[in-house]
Amino acid sequence: MMEKTFIMVKPDGVQRQLIGDILSRFERKGLQLAGAKLMRVTEQMAEKHYAEHQGKPFFGELVEFITSGPVFAMVWEGENVIEVTRQLIGKTNPKEALPGTIRGDYGMFVGKNIIHGSDSLESAEREINIFFKNEELVSYQQLMAGWIY
């Protein structure tokens, strides 16, 4: 079954010019890009995005960081795309992330860990709706799919 997930290169990843490398990793894995945009996250969007952390001591820092500069927001499609992208991304704390993962290769500190990826189908749907309008997403038949799955 084709799933969708939300992936965001955070301000530190954008500033460090990692967008192209990150895109390439997902494309080389065989995932299909359905939408992408460079944007600024508003405070309201950040609060919705991090709603589950509201009331926690680090909530303010999360909102401040994600609104501190441009992000690169993306929607990817593929079979088991959430599981696959989370493996490519690596553990939340870059010190625990394996080499070869995005966070393992580029992350230094848990507060600036380069990238966000949805952790469930429910989260993906909620996050996609925060950052994208339906008409900004394009689903199409990937001609390589037969060679991947």
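Glycine is treated like the rest: Cβ placed from N, Cα and C.
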Where Swiss-Prot marks phosphoserine, which residue is it, choosing among S118, S123?
S123
Does T92 (ATP binding site) have same-chain partners at least 6 apart in sequence with Cβ under 8 Å from its own Cβ, and which are they?
R103, V110, N113
Residue pair F58 (ATP binding site), S123 (phosphoserine) - Cα distance, angstrom, rounded:
20
Which of the three DSSP-derived classes (helix, strand, coil) applies to H116 (active site, pros-phosphohistidine intermediate)?
strand
